């Protein structure tokens, strides 16, 4: 008997097995895709992986920046006014603010659906129709940077985003001041901060006590506090210049700039010894900078020397100004002078 001829292949069975195999592959793929869009692979739906949230937050800032640049190339920014600031300056909003907000906020919520996101701008659905959201991409972290996995309760996490910081300067085409920012607060403490300049494509980020972007790793800061260089807002530079001279001495140099994110970066990059703001300021403007400064050994506080709390149940407005320095010793020396001056006591 020829056994080889007695074995017959059932073509129908092969087709069924092939379809079954394809179904299994599709199930595995769709399951992974669903996980990517649900708590970033967290085994517990009530927990969130902070490493993956860091990755998503970096992507949010960068993709928001794409919208900011794209709108800047159009002839009409569709600028509107949200009113006047306390200093009497115009407080504008543009299509770029709204489109960046759509990408940043909706992108994060698509990956982390239970995440609490607090943004400067409300969603405008007409601005969100054609924006391109993003998927989680671990390659945004360079291989040279080691970032640990850490899971926390998602109810302890609040994310503050500023889809376009320095909108006034943006309308004036002063693009060097413009940033997009994301801050992750855990139990109200600024823990992860991302400041991205969309026009230079430079992203500065830090996770307090865990990891730093490459641009922050080898930075050194001078502990000399005898020659202050104070950076302040363009919108109320006159009054703060006078106050700074009286508090820090006639040898104090005062420079002006737009955007809270930009000013924090100038402190980090040794172009200023401290950032001083004497009136109220919104928390989405300062949370990312607060987190980064804390990660490199600096400090940001209000002008009463109190830490600023970034919890969802606290007001979005910080009413007591701020002082920020890249060294905690510099902050301590400067805040002492400010408190003793009693100029900003309310």
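Note that the numbers count up from 1, one per residue, in the order the chain is shown.
Even glycines carry a Cβ here, placed using N, Cα and C.
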Annotated stretch (transmembrane segment, per TrEMBL) among the listed ranges 12-29, 30-47: 12-29
For the binding-site residues 120, 162, 165, the one whose C-beta sees the most other C-beta atoms within 10 angstroms: 162
CB contacts for residue 285 (Mg(2+) binding site) [other CB atoms within 10 A, all chains]: 25
Neighbouring C-beta atoms (10 Å sphere around the C-beta of residue 164 (Mg(2+) binding site)): 28
Additional residues around Mg(2+), ordered along the sequence, whose Cβ is within 8 Å of the centroid of 120, 162, 164, 165, 285: 161, 163, 166, 167, 179, 180, 181, 260, 261, 282, 284
